[in-house]
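Undergrad: I grabbed these lines from Swiss-Prot:
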- 1-32: region 'Disordered' (REGION)
- 49-77: motif 'Q motif' (MOTIF)
- ALA93, LYS94, THR95, GLY96, SER97, GLY98, LYS99, THR100: ATP binding site (BINDING)
- 269-441: domain 'Helicase C-terminal' (DOMAIN)
- 494-531: region 'Disordered' (REGION)
- 522-531: compositional bias 'Basic and acidic residues' (COMPBIAS)
- 686-803: region 'Disordered' (REGION)
- 697-710: compositional bias 'Basic residues' (COMPBIAS)
- 715-730: compositional bias 'Acidic residues' (COMPBIAS)
- 786-795: compositional bias 'Acidic residues' (COMPBIAS)
Amino acid sequence: MGAPGITGRTRPTKVKKQASQQKRKRDDVDVEKLEQAVTELDPKTGTYNDFSDLPLSDPTKQGLKACHFAVMTDIQRKAVPLALKGHDILGAAKTGSGKTLSFIIPVLENLYRLQHVGADAGLGALILSPTRELAIQIFDVLCKIGKHGHMFAAGLLIGGKSLESERQALPRMNILVATPGRMLQHLSQTAAFLVDDLKMLVLDEADRILDMGFQRDVDAIIDYLPKERQTLLFSATQSKKVSDLARLSLQDPEYVSVHAEDKSATPKSLQQNYIICPLEEKLDTLWSFIQASKKSKILVFFSSAKAVRFVYESFRHMQPGIPLLHIHGRQKQGARLDTTAKFSSAKNSCLFATDVAARGLDFPAVDFVIQVDCPDDVDTYIHRVGRTARYNREGRGVLFLAPSEEEGMLKRLEAKKVPVEAINVRQKKRQSIKEQLQNMCFQDPALKYLGQKAFMTYVKSVYLQKDKEVFQLKEYDLEAFAASLGLPGTPRIKFLKDDNSKQKKQASRQTIEVSDSDEEEAPKAEKPVRTKYDRMFERKNQDVLAEHYKKLVRDGDEEISAPANDFSGEATTNGADDDFLAIKRRIPADDEDEDFGGEASVAPGGRVVHLAGASQPLIIDSNRREKLLQSKKKLTKLMDRGKKLVYDDDGNPHEVYELETEADFKAKGLPEHQRQKFIEAAREVVQTADVEDKATARAKRKEKLRKRKERERGEAEDDGDEAVELEDTGENPLANFLADAQYTDDEQEEVEQPKKKEKKWFQSDSEDEEKSSKKKRKKAKQQVVEEPETLEDMEALAAGLLG
């Protein structure tokens, strides 16, 4: 017997390699045991309450234990055993009942038993989600459960990320969580991405994925997938259409519905109410509700992204006292992730959202779900209200219904087992924000434009609804609704106008009498040939703002009519709405000097301002023109030039330079006489001014002389004061002065002179000599400056100048 850990070789086997070999053997044994246990599993007769009762692998058990999942929910108790056996499943359960784990666990276990691991194995499971947020949430749950020992390579495919980086990593993936659009893009464009070995296909929120919105993408994806696979479908409102099931190639699917026999299709802990609220009172009611629920977590649903943005921006300016957030499909992916993270972690917050947040998202502890706009159908209502009352937690849902929507919507809710009770709003608690919205829209054109787009998108969504019994557009008071948004007038809706024109056209056709068939039809006039020069002269100037923006921002309900004449003077037949570009200012070539400041030359959306002091009105048709009204300097250029007037002795005004008429000029006499008179008058004026100038100069000279004498007198008095007579004390002043001078010299000698700075290593004696010579020359120059008095001084001066 050899030593432990020693093989036939002389060197011992590495401990790490030996451990990996032993682990591989244990995995093979575990897989065999799991296969046998799953074969003996009986989903129909067996009772399974805990996850420990199921034949699961150790990594999955550790992941469930780490996430504190021990007891299975109703949908998990029925769906997981069937999925482990390899059956196709149609799973339906209420919102918040744990459907995500119902397909995450079978995906991990089935691939683990098949040992579908590694880059060579290829893609084993594909999970499709209708929204990016739900896909991210599923991927997070997959990572939490599978990170405790599973060796699968999992990936997330959603829009908004680098396509090239995903393309490089795709061939190594074993499990993918994706949205249909991104998945189809890689299947059609990434050559190295193969799905021939796919074992499982999972569709979360399957009814939404299989509807018209994703029909083409899903059909194209299924064409790439192999026919032999396991398919799992889960949703709160499951589809049983034979056409949908045939598209997915399901083989004897098991329909699992744990709440089909319940009295309600929604959780029992969910309290559901509805309010009869006309369109014009919806925002007032919503604002009052938010003011009364500042300590709650609220989720508000609208039908369009424009409505979400408008309500968010307007409410944010009014500061309701609770954090506001908004999410919609037109946001970038980073902003959407930040919003969902903030709302999930917040205790008190209000999130305005579209249906992008209606399915699958798990926001913890949501107190209220408010549906301001009526949902498209009952399934949408169930998914929206399912964001609260999750995992047996209490929650409340409030639905706003217009009077015309009440009867039809309640009938459909009752048919789907959704109990809803009516409640009333106290009028004392309701606050009107109509005036505040009007003020904000007046001050901020961008907010006004956003409100108009919100109005149009809401009307369009109602117009396109299939259920005309619930959504009756004629029953809505659109003018009052537009006023409640703060808009000065009702925006024009193009498709409504087209419907009216079609009705008028059909009515007129019925009243027209059919002419006799024998009558010959009048020959149609041939259209004239239009050259490129004709098209060039028919061009219109581009406006500063887009056409649709100006149409919406213009106040009032009046139609914008087309200009009366075109460039050539002929009458136009198309209205302003049919033109691609509107005419900003059109000037005919023959009438260049005409006045075009009137209202006829104003472009759609423009206005005319009459300025005081200006003969021509100012046309405001752009932001630059609007800012011009605030600049006094620029406005003065538009004013008429003023005239300076001079008044005569009688008080009559005259211009500074007035031209005489020929008759007045002749009445004054001959030109030679007038010239002589002018010269004499000018000479008198000059002589008078000369006398005044001489008197002024004489006075200045006298004043200058007086000031000089005063200054000399003051200097003489100062010299007299300084001459002080010395007192005779009998002492010799000269001797005292010499003694003091000798004493000061001794003191100066005793003072220690400062030490001279030491030389550096790079300095030489020549530098000191040069400095001393410079000082001598400087001293000599200072001595030269003094005025010489004797012959010696003059010689010193000459020597200094010469050298």
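Each residue, glycine too, has its Cβ placed from N, Cα and C.
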Undergrad: Sort the residues of the motif 'Q motif' (49-77) into helix, strand and coil with DSSP and give the three counts.
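TA: Residue counts for the motif 'Q motif' (49-77) by secondary structure: 16 helix, 2 strand, 11 coil.
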Undergrad: Can you count the other CB atoms that lie within 10 A of the CB of LYS94 (ATP binding site)?
TA: 24
Undergrad: Tally of helix, strand and coil residues over the compositional bias 'Basic residues' (697-710) according to DSSP?
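TA: Split into helix, strand and coil, the compositional bias 'Basic residues' (697-710) gives 14 helix, 0 strand, 0 coil.
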Undergrad: Would you please pick out, from the binding-site residues ALA93, THR95, GLY98, LYS99, THR100, the one with the fewest other Cβ atoms within 10 Å of its Cβ?
TA: GLY98
Undergrad: What's the number of neighbouring CB atoms sitting within 10 A of the CB on SER97 (ATP binding site)?
TA: 22
Undergrad: For the recorded ATP site, enumerate neighbouring residues of the same chain (Cβ within 8 Å of the Cβ centroid of ALA93, LYS94, THR95, GLY96, SER97, GLY98, LYS99, THR100, site residues themselves excluded), in sequence order.
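TA: Sorted by sequence, the hits are THR73, ILE75, ALA236, ARG390.
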